[in-house]
Each structure stands twice: as structure tokens, then as C-alpha cells.
Amino acid sequence: MTLAMNIVLRGVLIGLVSGRTLFSAPDAFFALGSRDWLGLPISVWLTALCFALAGFMLRYHRHGRAVYAIGGSAPAARAAGIRTGRVGWAVLVIGGALSGVAGLVLAGRVGALGANQGSGLIFTVFAAAVIGGISLRGGRGSLLGALLGTLLLGMLENLLALAQVSSFWIQAIYGGIILIALVVARLTTGEAQES
């Protein structure tokens, strides 16, 4: 369902702008991806703030703990009185809002709004999550693991760029990384990951 909506909304976006790249936007629109504060890009500060808030919520707030409970076993969480539907919708809304902010950061870095901008990033997100030890079946993983997976994948991308590996091969390399991580997860936990 999520991938289907991704395809539908991307198609609507491309149709609305007729596939054009938009360059004329106010400077403030690109600020998140292009400006610095205290010597670091604003996007770094924003990422640190998001991780700190998410870490606090997941560890100390009942709704954050409910997310882990639902990931572990939705029927058990429902039996414990957790409103799984409401929590699930909240997670989707927060994820969508954060994706929108990430889109603004990317637009600021590039300096334009492309209709196909970020189209392959969903697989990069999967790769970062799996590398970070997050189970695709739910209930396992940590925010620190997600951060480390993201940083490791970013380092790998920079290394591939420095090694002058063609950008056309990067998705294949990410796919291989996901496969290796899934095999390692299978061997270490004894559970198959669904992807």
C-alpha cells in the first residue's frame, strides 16, 4: 500500500509540473539545505533535533513505547489496550512530515525542485535501516542503529564517489548490501526477514 501510494503521488506530481524542474522559488525555501548555523549546516542541526526528540519519545513516552509494542506483536499490543490503529496513523503522519522536511533539505542542497527528485531514496532508506539492525518484520531495532546505518551508508556513498564508481551502479550496490544484511539477520536471529 505504501509503495503504491508513493507511485501514485509521484505520478500526480510529475503530471502537475509536466516533468519540469522548478528553479524559481524564494531563497527561504532552500534555506534548510543551503544555510549554516554555528559552523554546521542547518540540516545537521535539524537532524540532531529530530533524533533527540524521537529518542526521547521512544524511550520515555507511552506512545513511543507503544510503537515498539506494536512492532513486536500488534495483537498483543491491542490486547494490552494500545490503540494500534491510532498509533499506526500517528507514525505514518510523522513519517510523512519528516519526509517533507527531508524533501525541503534535498531541494535546498540541489537548488531546484525536480519532479523525479528523490525517486530512488526509498531503497536507500531500506538499506540504511537493515544495515542499522532494524528488523523489517518489526519489533527490533533502535534509533541509534538507524542513525549508524544512515551514517555508514552515507560514508559508503562518499567512498564510492571518491572511487569514481558510476552512479548507475550505486542502486545495485545498495541492493547487494540489503541482501547481505538480510542474510546476516537470518543467520544471527534465525528468522527470515520479509522484504
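Please read every residue number as a count from 1 along the shown chain.
Using N, Cα and C of the backbone, Cβ positions are placed for all residues, glycine too.
All annotation found in TrEMBL is predicted automatically rather than curated by experts.
Within its own chain, the transmembrane segment (7-25) has Cβ neighbours under 8 Å at 107, 111-116, 119, counting only residues six or more beyond its boundaries. Residues annotated as transmembrane segment in TrEMBL: 7-25 (among others).
Among the features that TrEMBL reports, transmembrane segment is placed at 37-58 (among others).
What TrEMBL lists as transmembrane segment is 87-107 (among others). Same-chain residues lying 6 or more positions outside the transmembrane segment (87-107) and placing a CB less than 8 Å from one of its CB atoms are 25, 29-30, 32-33, 43, 46, 50, 63, 66-67, 70, 113, 117-118.
The list of residues near the transmembrane segment (119-136) in space but at least 6 beyond its ends in sequence, with Cβ under 8 angstroms from a Cβ of it, reads 3, 6, 10, 71, 142, 145-150, 152-153, 171, 174-175, 177-178, 181-182, 185, 189, 191, 193-195. Under the heading transmembrane segment, TrEMBL lists 119-136 (among others).
Residues or ranges marked as transmembrane segment by TrEMBL: 143-162 (among others).
According to TrEMBL, the feature transmembrane segment maps to 168-187 (among others).
Cβ atoms under 8 Å from those of the transmembrane segment (37-58) belong to residues 31, 64-65, 67-68, 98, 101, 105, 108-109, 143-144, 147 of the same chain, restricted to positions at least 6 beyond its ends.
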